[in-house]
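These come from TrEMBL:
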TRANSMEM  A:20-45  transmembrane segment
DOMAIN    A:71-270  domain 'ABC transmembrane type-1'
TRANSMEM  A:75-97  transmembrane segment
TRANSMEM  A:109-130  transmembrane segment
TRANSMEM  A:158-177  transmembrane segment
TRANSMEM  A:198-220  transmembrane segment
TRANSMEM  A:257-278  transmembrane segment
TRANSMEM  A:304-335  transmembrane segment
DOMAIN    A:358-555  domain 'ABC transmembrane type-1'
TRANSMEM  A:362-384  transmembrane segment
TRANSMEM  A:396-418  transmembrane segment
TRANSMEM  A:424-442  transmembrane segment
TRANSMEM  A:481-503  transmembrane segment
TRANSMEM  A:538-559  transmembrane segment
Amino acid sequence: MTSLALTRDRIARVRPGPALAALLIAAFLLLFLVVPVVQVIFVAFQDKTTGAFTLVNFADFFRNDLFMRSFANSFYVSAMSVVVASLLALPLAYLTMRFEFRGAVLIQSLGIIPLIMPPFIGAVAMQLLFGRNGSVNLLLRDHFGVSIPFMEGLNGVIFVQSIHYFPFILINLSASLKNIDRAMEESAQNLGCHGFRLFRRIVFPLAMPGYVAGASLVFIKVFDDLGTPLLLNVNDMLAPQAYLRISSIGIADPMGYVISVVLIACSLLALWVSALAMRGKDYATVQRGGGGLAKRRLKPLELVAAYAVVLLILVLVLAPHVGLGLLSFATIWSFSPVPDAFTLKHYQTVFTESGQYITNTLLYASLAALLDVVIGTAIAYLVLRTKLPGRQWLDYIAMAALAVPGVVLGIGYLRSFYGVPMPFTGQPLSNFWLILVFALAIRRLPYALRACTAALQQVSSSLEEAAENLGATKLRTVGRIVVPLMSGGILAGFVTSFATAAVELSATIMLVHSQSDAPLAYGLYVYMQSAAGRGPGAALGVFAVVIVGLGTYLSHVVIERGRRERGQDH
Amino acid sequence: MLRTTRTLRNAAAALAVLLLSGTAAFAEDPSGKLVIVTSFPKDMTTAFQQAFQKANPKVTVEILNRNTNAGVKYLQETASNNGTDLFWASAPDAFEVLKGAGLLQPYKPQVKGIPDIVGAYPVNDPGGFYAGFAASGYGIMWNTRYMKANNLPIPKEWADLAKPVYYDHVAISAPSRSGTTHLTIETILQGEGWEKGWRTNKELAGNYRTITERSFGVPDGVNSGAFGIGIVIDFFALSSQASGFPVEFAYPTITTIVPANVAVVKNAPNKAAAEGFVDFLLSPKGQEVLLEPAIRRLPVNPVTYEKAPAGYPNPFKDTSLGAQVSFDVNLSQARYNVVDALFDQLVTFQLDDLKAATQAIHKADAALAKKPNDKAKALLGEARDLVAAMPVTAEQAADPQLAGAFTVERKSATDAVPERQAQVEQKWAAFAKENYAAARRKADEAAALVR
C-alpha cells in the first residue's frame, strides 16, 4: 500500500487516504477470498433436496460421534503442538538473541527451514527416519529390542506439526526480542533483577506480542492443516474429514462444507482469544537504535551447554530435511537404516526436466509474499492506528483465509473466474498465472499479517506524533518512520509467506492448467505419484529447500546490515 | 535415457508400419495442441507423449496431471469454456460420472481386433463414450525384507490375509478414495454374496495396519517398508519392482481385471488430435508401450502379448485371471456410494475398535486351539458374528431410496425426502462401534474360559 499511498500524497492531507486503502483492501479480499469461498460453502446452509436455507446440517454435525471425536482430536493436537513448538522455539530464540553466539544468523535461518517442508516428501522422509520401521526404530530394535512410537496416531501428527510449524513462534518471538528496548532490561538489572527472574518478569512479557502471534498461528495452522494428518493416515481430525468429504466423487453432501465453516469459525475464535489476551497492555517502547537485548558472553561451561541445547534442537528439527537429502541421493531405501547406495542421477533427471518449475515458483512465491506484506502492513496500520469503523473486520477476514481449505479456495476460484474471459486472448481468467499468485497471496496473507501486526504493536505512536508535529504528512510518517521501524516484522512476514507459498499444493493443484505455468509443488506431486519418481521428487524438494533457505539467509544478512548502519548513524 | 531411445525406436517403427500398410488412420493429419487431463504417473504419460508426438510431429501434447477425483472436478468446473481434449484415467466409475454429467463425446475407435470383454469386465462403454486401452488386476504386494525380518509367510489368497499372523501388517486404500479399491471390495461382495463378502472384507480389515487416502499410498508404504503387505493394483507393484524396490507381487485366484480408459471430452478444442490419440493408444505400437518396465499394464489388444516378456500375465489366456467372477456392472452402480459409505463408517473410521476386537478374537482362538472348550467356542462364534454383522441388507443397499441419501440431485418438492447422509452414517457408525465392543467382550470372555 505504501507505493500506492505515496502517489496520493496530496489527497492524504485531507485524510481520505486510510479510508481509500481500507476500501481497496476490502475489495481485494472480497473478490479473491470472500466471493470464491461463499460460492462453495453456501452448500452448508442448504437443504440437500429442496435447496432451501437450513441449519439442520450443523445439528447433524454436533450429533455425529465421528465429527465430535475429530473435533476433540483436532483441539488436542493443536494445543499439544503449541506446547512442543514452544519448547523448541524458546531456547533457540532466547539463546541466539541474548548471548554472543557465533553463527546466530545461521541458526536463525536454519530454524526457519522446517517451514519449507515440501508436500508428500516430508512425510515420506519422516516415516523413513522415525516411523515404526524407520532408521531410528530399526536401530533401536536391533541393538536394544525396543522401539519408540514417535509416529503412531496423534503422536505422529503432534511430532511432525511441532517440527514443521515451530518457526512461526521462533520468527515472531525473535523479531519481538530484537525490538525490546535495552533500557528496560538495564533498569531491571539496576533494580536487582537477574537471571531467570529477569527473563520471566521483564524479557518474556515484553516479547509477548511476538510469542502470542506465533503461538496463535501455530494453533490455527495445526487446527486447519490437512496434509500432515492425511499423509500419516490419521483421518479422525476435522480438516481431513472436510477434505475427504469434499473431494470424494459422488459424495457432494453438505457436511464437508459444514466442517469448513466450523474450521473457519474456530480460527476466528482463536484469534479473538489471542487478541483478548493482548488487550489493555501496551507493549510499545519509544526508544530505538540501541534496540534488542544486551548480548553478553557466555562462560566456557555455559557455552558448551548452550551449544549442546541448540545442536540437539537443530538436529531434531532438521531431521526431515536430512532424510530428504538422503532420499534424493539414494538408489533404494527400503526397510533399512540408511539407503542401499547413493547416486547423482535423480538430480540429473530434475535438471533436464524441471527447470521451468523452479523459475515459476520463484516468481509466484515472491510476488505473493510481496503482496502479502504490503497488504499486511496496511491492515496492521489501519487496525492499530486509525479509528475507521469496521477496521477489525479486515483483520478477521484476512485471517479467516487460514481456515479455508485450499481445495475450497481452488474450486471457488474456478467457479468465480472460469466464466470470465480475459481481455485480448479470450482465455478463461482462471487460466491466467496471476490468479495463481492471488490464490497463494490469500492463503499466506495471515502469516504476513500477524508478523506485521506484532511489529507495529511494538512501535510507539508517540514517534509518529513527533514526526507529525515536525510537519511530516501522515503518509510521509508511515513511509519514513513506521515502515522502517517495522522492517524486522515485515521481513519475518515476507519470509514466512514466501517460504510456505513456495511449497503450497492444495489450491495450486486445482488451478494449474498447463505445465509451462506450473510451480514446483505441482512437479513434486507429479513425481511422487510413481515409484520411480521418489528420488527425483526428493531432489526437487531439496532444490525447494535450498532456494528458500538461501533467500531467507540473504534477507537476514541484508536486514542485519541495515540495522547496523542505522545503529551507527544514531 | 534408455527408455526414451526405445520409445523413439518403437514410434519410428509405428510410423513405418503405418506408411507401408497405408491405413487411412490419419485421413486428416492432426495438428496443434492436444490437452490431456490424466491421473497416470509421469513415467507412463511421458512415454506415450513422446511416441505419439513422433508419429504426429505437428501435434504438441500437453499433459495435466491430477488425481482422478480432482480431474473430474476440474472438467466439471471448466465445462463452460472447455480447454481439455482428452480424459485419461483408470477408474471406470470416474468416466461414468463424466458421462452422466454429459461431459464426454462418443467416439468409435478405428482400430480393429479389440475384444469386447477382458476378464469379466466389458472393455468399452456400450454407448461409445469411453474406451478401454489397458487392463489391470488387483493382487497382493509385499516387501521381501520386511517379510524376512518379521518371519512372515508369503500370502497367496485374500483369505490368507485374514490369518492372525498378518495382524497389523497389511494396508489398503479406502474404496471411497480409490476407484480401483472399490472394485476389489465390490468383486469380493459379488463373488461371495453380500453377508459373506462383508465378513471377509471385515476379517481382512481386522489385520490392516492402515487405510490410506491415496491409492499410491499403499505401494509407497510397502516400498519404504512402513508396512509389509499391500492390496494393490498390479502396475503399482510391477513398476515398483522395475524401479528396484525389494517387492514382489502375486494375483490371488479370485481377482478382478479392470480396464483403464480414455475418453474424448465434449467440445474438445482439438477433436482430430484427440481421436488420433485414442486410435494410437489402441494400435499395436501404442499397446506395446504398455509393456515397458516402468509402466507394466496389460494390453487390451491380444496380438501385443506375442511381444511380451516371458511370464507376463495374459488375461486372454490365463482363465483364472478375473474370469471367476462375472461382474454385474448395474448392481455395482446401484449401490456404489452405499458400499463406499459403509466401508468408511464400519471400517475406515472404526479401525482401532475393529482391530481391538480382531486381536481379542485371534488370542481367544489361539488359546482355544490348545485347550478345546465348547462354551468358549460358541462365544467366539458369537463374537465373529458380531464383527461381521451389517446394518443393511443387500436389498436395502441397492434400494434407490437409500442411495438417494448419497446423491446431490435436486428432486421435485413432492418426492419423498430420504434420510440425510449424515444421519444414516451416524447410525451405521454407532452400530459398528457397539458391535465391535461387544465382540471384544465376548472374545475376552471365551479366552478367560480356557485359561
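Count begins at 1; order follows the chain as displayed.
Yeah, the Cβs are placed from backbone N, Cα and C, and that goes for glycine too.
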Would the transmembrane segment (A:538-559) count as touching the transmembrane segment (A:304-335), if touching means at least three Cβ pairs under 8 Å and pairs must be 6 or more apart in sequence?
-> yes
Spatial neighbours of the transmembrane segment (A:75-97) not adjacent in sequence (6+ beyond its ends, CB under 8 Å) are 104, 107-108, 111, 154, 157-159, 161-163, 165-170, 173-174, 177-178, 199, 203, 211, 214-215, 218-220, 222-223, 237, 292-293, 295, 306, 309-310, 313-314, 316-317
Do the transmembrane segment (A:481-503) and the transmembrane segment (A:109-130) share at least 3 Cβ pairs closer than 8 Å, excluding pairs fewer than 6 residues apart in sequence?
-> yes
So which residues does the transmembrane segment (A:362-384) touch in its own chain, when a touch means Cβ under 8 Å and the partner is 6 or more beyond its ends?
-> 1-3, 18, 21-22, 25, 28, 391-392, 394-395, 398, 433, 436-438, 440-441, 444-445, 447-449, 451-453, 455-457, 478, 482-483, 486, 490, 493-495, 497-499, 501-502, 519, 547-548
Cβ pairs under 8 Å between the transmembrane segment (A:304-335) and the transmembrane segment (A:158-177), at least three | yes
Take a look at A:109-130, A:158-177, A:198-220 and tell me which one has the most Cβ pairs under 8 Å to the transmembrane segment (A:257-278).
-> A:198-220
